[in-house]
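Report on one structure; see the data block that follows.
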Amino acid sequence: MLTGSLVAIVTPMLEDGSVDFEALDRLVDFHIESGTSGIVAVGTTGESAALAVEEHLQVVAAVVKRAAGRIKVIAGAGANSTHEAIDLTRESRRLGADQVLSVVPYYNKPTQEGMYRHFRAIAESTDIPVILYNVPGRTVADMCNDTVLRLAEIPNIIGLKDATADLARCCDLVKRAPKDFALYTGDDATAMAFMLCGGHGVISVTANVAPRQMAELCRAAIAGDVQAARRINDPLQGLHKDLFCEANPIPVKWALERMGRIPAGIRLPLTRLSDAGQSKVEAALKAANLI
């Protein structure tokens, strides 16, 4: 099982909106050097919704190539069309991704049975390991724990990214899910508590700017070292909050630009971080000793 800090990596772009593959290569190296456990490419933070399918697959291929087996690569492969999600999943496997992250279908608001059949069809279409992704704040459809547990019975559905920030439901899954079913939080602010209650890691936005610290936090929390986890987490609290002061990934892309790691590009309908947001993120970066 893959545990620890998995970065929900941004997709660097030039100011004209084209993907900056050289900057992407540098970010992959940065995470390998910093102890990140895995790279989640073209998810929410990677602006998958703003990429054409061809670009989406080019980013997956680039991350796999640069990783070169040095770090696990999880490819975002979700869609609100089951057929499209199957195609993305198969292509991700062909390109060499180790696992895929598959989001609950958005906009069309499926029932729990619809979610179950959607993910079952994806899993049965290929043998690549699938991580489910529940983020009702974006999809407007919330997959309940009972549905997750039904899906956990399918051999290549291996885990869940829960981005609800609901610790009670996460801890319920820790108690009820198979022991080899990976449970990741998608909420940096509650990640420490989630891992202390038995979660296996975090798919993190904060790790984009603080990969070493997030990797250390995960090691401490998973080991049950509360004091060490708090010591590492406290300076990151501002980032956990203010990297969401506007829609993700607007703040984190600005933060990486401020740190000199990527250019300023972001795609419409997302726009550059506001002046007020820049002040907040700047202060959070300073509090974490990152600038």
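Here the Cβ of each residue, glycine as well, is placed from N, Cα and C on the backbone.
Sequence-distant neighbours of T44 (site 'Part of a proton relay during catalysis'): residues of the same chain at least 6 apart with a C-beta under 8 Å from its C-beta are A8, G76, V103, V135, R138, N248, P249. Feature annotation from Swiss-Prot assigns site 'Part of a proton relay during catalysis' to T44 (among others).
For I203 (pyruvate binding site), the same-chain residues lying six or more positions away in sequence with a CB closer than 8 A to its CB are L6, V7, A8, V40, G43, L101, K161, Y184, T185, G186. Positions annotated as pyruvate binding site by Swiss-Prot: T45, I203.
In the three-state DSSP scheme, Y107 (site 'Part of a proton relay during catalysis') falls into the coil class. The site 'Part of a proton relay during catalysis' annotation in Swiss-Prot covers Y107 (among others) and rests on sequence analysis.
Look at Swiss-Prot and you will find Y133 tagged as active site, proton donor/acceptor, backed by sequence analysis. If you draw a 10 Å sphere around the CB of Y133 (active site, proton donor/acceptor), it holds 27 other CB atoms from the protein chains shown. Taken residue by residue with DSSP, Y133 (active site, proton donor/acceptor) is part of a strand.
Here Swiss-Prot flags K161 as active site, schiff-base intermediate with substrate, drawing on sequence analysis. DSSP assigns K161 (active site, schiff-base intermediate with substrate) to a strand.
Around the Cβ of K161 (active site, schiff-base intermediate with substrate), a 10 Å sphere holds 27 further Cβ atoms from the protein chains shown.
Counting every protein chain shown, the Cβ of T45 (pyruvate binding site) has 25 other Cβ atoms within 10 Å.
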